[in-house]
Amino acid sequence: MAIRHYWSMAAAAVVFRLVLVLFGGDLHLASRPEVSTPLTSIRRLAEGYWLKQASMSPYSGSMYHGSPLLLSVLGPLTKKRSIGHAHIYCSLIFVAVDFIAAMLIRATGHSLQMARNRSLKSLELTEAVVNISAGDIASLIYLWNPWAIVTCVGSCTSPIENLMVVIMIYGACSRLAPLAAFGYVMATHLSLYPAILIVPIILLLGFGPDTPPTKVFHLKFSRARKSDILDDDKSTISRDVPHFSWKPVFHFILWLLFWSCYVLLLSNIILNKVGSLQEMFIKTYGFVLTVTDLSPNIGVLWYFFAEVFDIFRSFFLIVFNMNILFMVLPLAIRLKHRPCFLAFVYTSIVAMLKSYPSVGDSALYLGLLGLFANELAEMQFTFFLFFGYIGVSLLSPVMHNLWIWRGTGNANFYFATGLAYTCLQTVLIVESVSSMIKHDRKLRLLVTP
Amino acid sequence: MQCYRDMPEFIAQQMTNLGAEVYYHEFLPQSKHFHPLKFFTSTASSMAVKPNGTYANFGINTIGIIRAPRGDGKEAIVLVTPYNSQRVQSNELLSLALGFSVFSLLSRATWLSKDIVWLSADSQFGEYAAVSAWLNQYHNPMFLSHPVILDTKMYGANKIIYGPDGTTEKADHMSFKRAGTMAAALIFKVGETRKYGDRDSVTMYAEASNGQMPNLDLLNVVHYLAVHRQGFRVNIETFSSLLSSSWLKVIAEVFQNLGSVLRKINPDWKLDVTVPDYVEGTANLANSMYNQALGVPTGSHGAFRDYQVDAVSLEYSPAFHLRNENAKSSFLLRGGRLTEGVVRSVNNLLEKFHQSFFLYFLAAPSKFISVGVYMIPFALLLAPLPVVASALADDSKAKGKSVDDCKTRGDADDLQIRGGSWKWLKSARVLLVIQIWAVLVSLLPYYISQIPSAMAIQYAVIWAVLSIIILIALYAMFGSPYCAGVEWKLLKATMITSITIGLGLMSIINFATAQLGALILIPMCLFSLPLKVQLEMKLLPRTVLLASNILLTVLGFPPAAFLIMKGLSKGSWTLDIGEFWSWMEFLWEWSSATYLYLFLVHLPCWLLCIHVLLHPCHPPESKVKQE
């Protein structure tokens with residue numbers, strides 16, 4: 001069952017973005033700390049492009065920290081400035097990028113749905129098959145998410161990063177190793193953190209899209225054997241138990257190497273004579289990992305590293321960066337049968353703990369959350385989470401205003417909203433994982449009445 | 001004619017004689033625009049002036065700067081004396097004289113470590129316009145994008161001022177000079193009316209836009225010096241109608257008696273307040289809250305606060321006749337000493353006043369209610385809301401679940417989205433539609449006010465009609481709230497959560513508005529119960545509930561509340577919708593957040609409350625029965 005008026009709603013979202021871009025006037029979104037980070041700000045990109053045009057390294061000074069590829073793609077567009085809106089051409093590109101990402105999310109949702117229905121049928125749980133199209137829901141969430149809209153209109157490069165992550169997941173879901181590898185390499189190149197998504201990608205390519213746990217299939221299989229069903233039935237069930245196939249993974253790794261070399265080569269060509277790859281790594285990955293820019297954002301690291309004593313700085317840098325890595329393995333073990341969901345969990349953890357988070361990252365994982373609308377139907381605290389997100393996103397600019405413009409508040413006010421936001425994200429992750437596990441348990445109970 | 005054109009030149013001449021740097025600042029009155037969000041996007045570029053070139057008239061501020069002998073020119077103190085250059089009154093002359101005498105004293109002072117800027121503001125378009133135009137140019141250097149206007153108009157003006165021979169002087173006097181960051185600003189003027197009394201009195205005005213106050217330390221300095229050193233009587237604005245109200249006196253007496261009884265029990269409890277103190281404190285406090293809640297500055301000090309400069313206006317009300325020369329010179333002495341004292345106090349500050357003393361209400365010139373005190377009752381008022389909301393949401397969910405359980409126990413379709421935990425999405429949709437409506441309604445005046453030459457009442461009627469049409473259109477597009485079968489409990493939970501967020505936000509932006517709004521909104525929301533459900537109750541609670549519902553719903557509707565407030569304060573109960581329009585116009589011209597609050601928090605909540613009250617209650621239940 002597809003959603004009624006899907007295409008009109010999607011078109012309305014695109015039109016809404018276009019209206020905001022073309023007629024919205026200067027909303028100053030590009031200068032909001034919630035929207036643009038040092039990594040994604042288009043103003044810094046314009047500065048980097050200017051430096052490069054002046055035959056200087058785009059990384060000289062501490063302005064630009066993005067990829068050289070973006071410089072050559074978006075850079076020429078930043079020069080054409082029109083009155084009213086500073087970077088109108090970039091914004092138009094981002095509108096298209098958002099739309100493509102939403103379409104890819106939709107396609108991912110469809111393939112997930114097919115895989116789900118197939119495995120439920122093989123488990124003879126036909127009544128559990130629901131026909132709500134999660135892909136449609138997810139893509140609409142992504143298109144109509146106010147944060148995605150704000151990021152798109154505010155001309156940050158995060159829509160491109162999001163698109164790369166979505167391309168990677170889509171490619172892996174439809175077992176297109178070259179596409180998945182391209183998305184992976186580009187996403188990692190642009191913002192480093194998607195590197196940990198290699199675990200779900202390999203699982204996706206090896207096992208295929210999300211299924212109920214293998215244990216459920218084995219239970220079903222043993223029951224079927226007990227109740228003495230014909231041989232061909234057995235074989236169908238055993239065929240549906242996912243097996244790890246090495247071939248696509250091998251392809252993926254080959255393509256990964258190819259694309260990495262290609263991207264590095266391109267960067268080298270672009271930076272030819274004005275900079276070097278080593279400088280690029282220091283100014284992009286090094287900048288991300290060492291949290292050198294302490295200007296306020298919606299995360300929690302800027303405040304912490306502004307306060308911490310210098311002697312402890314490197315220790316806490318290791319701790320905070322390891323924090324993300326610590327969660328990779330346990331989650332992978334627990335959710336290995338649902339690699340797509342695992343990718344969602346990783347994305348949301350990264351959006352919470354990365355050094356320069358913005359609402360664009362949250363827009364991505366909230367969109368991906370829609371893919372699991374069927375599985376997460378019984379999720380707890382959704383009312384609280386929904387209004388919490390609304391409250392925080394309204395509170396954050398007010399607190400910023402109080403601190404920066406009125407002078408009647410201080411940094412703690414703004415940081416408090418950052419903390420509240422992080423707490424909300426934590427609750428969202430915990431609740432979604434636990435309700436997914438509950439869902440799996442319910443499936444097992446349904447198989448063994 | 002000759003007199004008022006000469007005035008700036010005369011002042012400039014006097015300033016030059018004192019050895020100060022002098023320049024003129026010319027400005028055009030800013031036409032009033034619909035910009036309710038300005039307080040929020042107060043970045044430099046959005047504050048840049050766009051002078052309206054159609055005015056033949058312009059104002060001229062005369063500014064003198066004394067460079068501090070012991071300073072580095074990084075900080076400055078601003079003195080402002082407003083006067084109307086078109087029609088100079090004797091009281092304004094006196095305030096200019098006061099300004100001049102202070103300025104001449106300070107020009108000889110060796111202890112100055114901050115520059116002194118004396119701005120004699122031309123208040124023919126209002127004090128605020130003059131001061132804010134000057135401040136705007138001070139902080140946002142204009143890289144003139146309107147050279148035509150300036151060349152034609154201002155050049156012509158210069159000729160009027162200086163005549164043909166002043167060309168070299170003109171170039172010097174026209175360049176805009178600055179004197180570092182402003183540490184504080186003091187606006188003083190002599191009031192027109194003579195107040196009979198034993199002492200001259202000073203009225204302090206401090207409320208800036210959106211309930212922002214200058215640092216309390218500045219007020220304390222002024223109050224201390226005025227009362228204890230110079231013997232002025234210091235007042236703040238007050239509601240004089242409250243001073244004579246009898247019911248307040250009754251309450252005051254009750255408190256006094258209670259306090260004295262408590263004192264007898266334990267002499268350490270100093271809780272007794274005398275009746276006049278209590279009445280006066282209440283009247284002052286009410287006025288302080290009212291001015292903050294309105295969000296409109298009470299004087300030109302408001303312009304300073306927009307740039308985070310502490311400023312206070314002092315209006316002297318002399319007890320003598322303005323022709324009495326002896327009294328005048330003694331007044332100049334004491335007023336000058338007061339100003340000098342304040343300047344000395346600020347002069348010696350090494351840093352800004354501490355940031356924690358910005359949030360307070362004034363109950364008397366020397367008494368205040370701090371944020372730590374007034375937040376507690378507000379938080380207590382707000383505390384039940386999340387509890388009730390979660391109880392309602394949880395209750396509705398539990399009910400839905402139990403119905404499911406008894407019906408489909410053991411069935412496999414537990415996996416279906418039967419809305420156990422996502423059922424609130426429908427009510428969130430209703431909220432969304434109503435919020436869209438509220439945004440549209442709040443933006444309508446921008447377009448309506450473009451209609452030329454209409455009466456206020458016509459504007460108001462167009463506004464009301466358009467709002468209703470938009471509401472109907474939105475319901476036609478997205479479906480009316482009752483069609484979708486939204487449960488009233490969830491609707492109420494959504495309403496309560498949304499006003500929790502709204503009031504919480506507003507309490508940060510402008511506390512007084514949130515406090516006054518909460519007094520109406522919170523009971524209105526908590527008492528709201530569908531009329532159909534009320535029918536099942538007993539008679540007595542039903543009537544009480546119904547009466548309170550009707551009363552609160554009427555009070556909660558902004559135009560009705562406005563009418564009642566006007567009736568109570570002025571005693572005139574004539575129904576005039578046009579007045580509501582002009583009231584709202586007043587709010588958005590001053591970019592008051594109260595306007596946004598009224599239309600983005602208050603009005604949607606009121607509409608949701610109406611929806612809850614009129615909820616049919618039946619459709620979902622009948623659906624369950626059918627199944």
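Note that Cβ sites are derived from N, Cα and C of the backbone, with glycine treated the same way.
Those TrEMBL annotations? Automatic predictions, nothing curated.
Annotated in TrEMBL:
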- B:371-393: transmembrane segment (TRANSMEM)
- B:430-448: transmembrane segment (TRANSMEM)
- B:460-478: transmembrane segment (TRANSMEM)
- B:490-509: transmembrane segment (TRANSMEM)
- B:515-531: transmembrane segment (TRANSMEM)
- B:543-565: transmembrane segment (TRANSMEM)
- B:594-614: transmembrane segment (TRANSMEM)
*Selection from B:430-448, B:515-531, B:543-565, B:594-614, the stretch that has most Cβ pairs under 8 A to the transmembrane segment (B:371-393)*: B:515-531
*Hey, would you say the transmembrane segment (B:594-614) packs against the transmembrane segment (B:490-509), going by three or more CB pairs under 8 A that are 6+ residues apart?*
yes
*Against which stretches of its own chain does the transmembrane segment (B:460-478) lie, if we need a Cβ under 8 Å and a gap of at least six residues from its ends?*
429, 433, 436-437, 440-441, 444-445, 448, 451, 454, 577-578, 580-581
*Within-chain partners of the transmembrane segment (B:543-565) [C-beta distance under 8 Å, separation at least 6 from its ends]*: 520-521, 523-524, 527-529, 531, 534, 537, 573, 575, 577, 579-580, 583, 598, 602-603, 605-606, 609-610, 613
*Excluding the flanking five residues on each side, which residues at least 6 beyond the ends of the transmembrane segment (B:490-509) place their CB within less than 8 Å of a CB in that stretch?*
39, 210, 375, 378, 382, 385-386, 388-390, 392-393, 396, 423-424, 426-428, 430-431, 435, 481, 515, 517-518, 521-522, 525-526, 528, 593, 597, 600-601, 604-605, 608-609, 611-612, 615
